[in-house]
Amino acid sequence: MGGDQSFYVPAMDSGQVRLKELGYKQELKRDLSVFSNFAISFSIISVLTGITTTYNTGLRFGGTVTLVYGWFLAGSFTMCVGLSMAEICSSYPTSGGLYYWSAMLAGPRWAPLASWMTGWFNIVGQWAVTASVDFSLAQLIQVIVLLSTGGRNGGGYKGSDFVVIGIHGGILFIHALLNSLPISVLSFIGQLAALWNLLGVLVLMILIPLVSTERATTKFVFTNFNTDNGLGITSYAYIFVLGLLMSQYTITGYDASAHMTEETVDADKNGPRGIISAIGISILFGWGYILGISYAVTDIPSLLSETNNSGGYAIAEIFYLAFKNRFGSGTGGIVCLGIVAVAVFFCGMSSVTSNSRMAYAFSRDGAMPLSPLWHKVNRREVPINAVWLSALISFCMALTSLGSIVAFQAMVSIATIGLYIAYAIPIILRVTLARNTFVPGPFSLGKYGMVVGWVAVMWVVTISVLFSLPVAYPITAETLNYTPVAVAGLVAITLSYWLFSARHWFTGPVSNILS
């Protein structure tokens, strides 16, 4: 510390000191507070986005029981995953996040392969998240237009698949433009997004049950189990686990806090805080949102029916009917959908931010084709090429929806399973190969680290199996769940690329400090 010398020399940020120890020079602008770091993860988890766009899944598989209890079940186990990640993040606060951790924890022999697999699952999972978030926003905009022009039964305008893809492309283009701005602007937008999510949930969870003329009883909300899914599945346990998909899909993307650590002040402390607070606050607010809306659910089959005014979009129908039955016009419901649409927009924007930081770090270590291109940083200290690459790939991923919605659903499942596999690899290494050598940073789970780590790993294994189960019987080409095919395909491609090429030249994370 050198006595009085610190008076003359500006003290180096603790995250920057650690980054230098890990062998990287500071290239990005370190400008994010702990709240900004939290805000980016919180707006990617975005309970308004995940719950609104996948509420149909929860309603169809188990109804309010799955939604109300499944949320806490998935949330509790996800918190174990988050705690384990936060502990590792505290020790290794770099933009590479997960794949860098895997390299450090695997030891010299396995580091290249561990970081290669983690990195590709992470980046492909993130691209799939951006694709599915912005695609769901395009679908939501289409439903808003449909209801604004009279609804399905009143001659409303329903865009074709090509119109939805066009909207999706436009949204991604705006997100890439916004992400080309300096991090200080993104930080402001991120904070705005977090506040919008918090206030949006509070407004909707109180307003919708208040306005609804027909309310469910508390007994219905907490005990009604919907077995009428029309998909040939009758087992209670099976229905419940399929309904969990909504909760698990929603609580993802908090690795963003790790990817933003090179831009966060005191990242070895604030990165972990960002991860844990984003998950914790999302669990509480998400539950409030689910409860509020579930009190407006009285007739599940009519909400899911494709012949209703919203074309089967349950939450849109709930909002629309609440206002129409009370005031004779559904305009208020359309405005409420607008509140959600803005949250989804912010969610997609933060997803592109996180994607681009991952692509920047992964290419800095030479793992991607044309690596020098993707880790270029412009004079505003933004990895601009990585931003536009992420937007383009997410657009291409959503093109699968034109071919078949089944193919697109497999893509969305990569968003959940692919990301969670990337989350689990460093945790597995932490509790096995590195159990005696791991040196925790300022945030440590202490003696509970091993237990929490194993619980996290077992949960990821469990959801990977659950999300690969068939979601309809009898199984045909249309009803087959392509998740295991998509995930196995990703494993096959990344492993083949490794065996035939990358193992000869990819050595894992590379220091960029010239000695």
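Yeah, the Cβs are placed from backbone N, Cα and C, and that goes for glycine too.
Marked as transmembrane segment by TrEMBL: 34-55 (among others). Cβ atoms under 8 Å from those of the transmembrane segment (34-55) belong to residues 67, 129, 133, 136, 139-140, 187, 190-191, 193-194, 196-197, 200-201, 204, 245-246, 249-257, 260-261, 264-267, 269-271, 273-275, 277-279, 281-282, 285-286, 289-290, 293, 314-315, 339-340, 343-344, 346-347, 350-351, 353-354 of the same chain, restricted to positions at least 6 beyond its ends.
Residues annotated as transmembrane segment in TrEMBL: 67-86 (among others).
Residues or ranges marked as transmembrane segment by TrEMBL: 98-116 (among others).
Taken from TrEMBL, the feature transmembrane segment applies to 128-150 (among others). When Cβ-Cβ distances below 8 Å are used as the criterion, the transmembrane segment (128-150) is approached by residues 44, 49, 52-53, 156-159, 163-165, 167-168, 171-172, 175, 252-253, 309-311, 313, 316, 320, 330, 333-334, 337-338, 340-341, 344-345, 347-348, 351-352, 355, 390-391, 393-395, 397-398, 401, 408, 411-412, 414-415, 418-419 of the same chain, each at least six residues removed from its ends.
Same-chain residues lying 6+ beyond the ends of the transmembrane segment (193-213) with a Cβ under 8 Å from its Cβ atoms: 35, 38-39, 42-43, 46-48, 281, 285-286, 288-289, 291-293, 295-296, 318-319, 321-323, 325-326, 332, 336, 339-340, 342-343, 346-347, 349-350. Residues or ranges marked as transmembrane segment by TrEMBL: 193-213 (among others).
Residues 41, 44-47, 49-51, 54-55, 57-58, 60-62, 65-67, 70-71, 73-75, 78, 82, 85, 126, 129, 225-227, 274-275, 278-279, 282-283, 286, 351, 354, 412, 415-416, 419-420, 463, 466-467, 469, 471-473 of the same chain sit 6 or more residues outside the transmembrane segment (233-254) yet have a Cβ under 8 Å from a Cβ within it. If you look up TrEMBL, you'll see 233-254 (among others) marked as transmembrane segment.
The transmembrane segment feature in TrEMBL is assigned to 275-297 (among others).
According to TrEMBL, the feature transmembrane segment maps to 327-348 (among others). Counting same-chain residues at least six beyond the ends of the transmembrane segment (327-348), those with a Cβ under 8 angstroms from any Cβ of the stretch are 43-44, 46, 48-49, 52-53, 130, 133-134, 136-137, 140-141, 143-144, 147-148, 151, 171-172, 175, 189, 192-193, 196-197, 200, 203-204, 207-208, 211, 309, 315-316, 318-321.
Annotation source TrEMBL lists transmembrane segment at 386-408 (among others).
Residues 81, 84-85, 87-88, 98-99, 101-102, 105-107, 110, 114, 117-119, 121-122, 124-126, 128-129, 131-132, 245, 248-249, 252-253, 255, 449-450, 453-454, 456-457, 460-461, 463-464, 467-468, 483, 486-487, 490 of the same chain sit 6 or more residues outside the transmembrane segment (414-433) yet have a Cβ under 8 Å from a Cβ within it. TrEMBL lists 414-433 (among others) with the feature transmembrane segment.
What TrEMBL records for 445-469 (among others) is transmembrane segment.
The transmembrane segment annotation in TrEMBL covers 481-500 (among others).
Sequence-remote contacts of a segment are chain residues at least 6 beyond its ends whose Cβ falls under 8 Å from one of its Cβ atoms, and for the transmembrane segment (445-469) they are 77-78, 80-81, 83-84, 87, 238, 241-242, 244-245, 248, 413, 416-417, 420-421, 423-424, 427-428, 430-431, 435, 438, 481, 483-484, 487.
For the transmembrane segment (481-500), the list of distant contacts is 113, 116-117, 120-121, 124, 406-407, 409-411, 413-414, 417-418, 421, 464, 467-471, 506: same-chain residues at least six beyond its ends, Cβ to Cβ under 8 Å.
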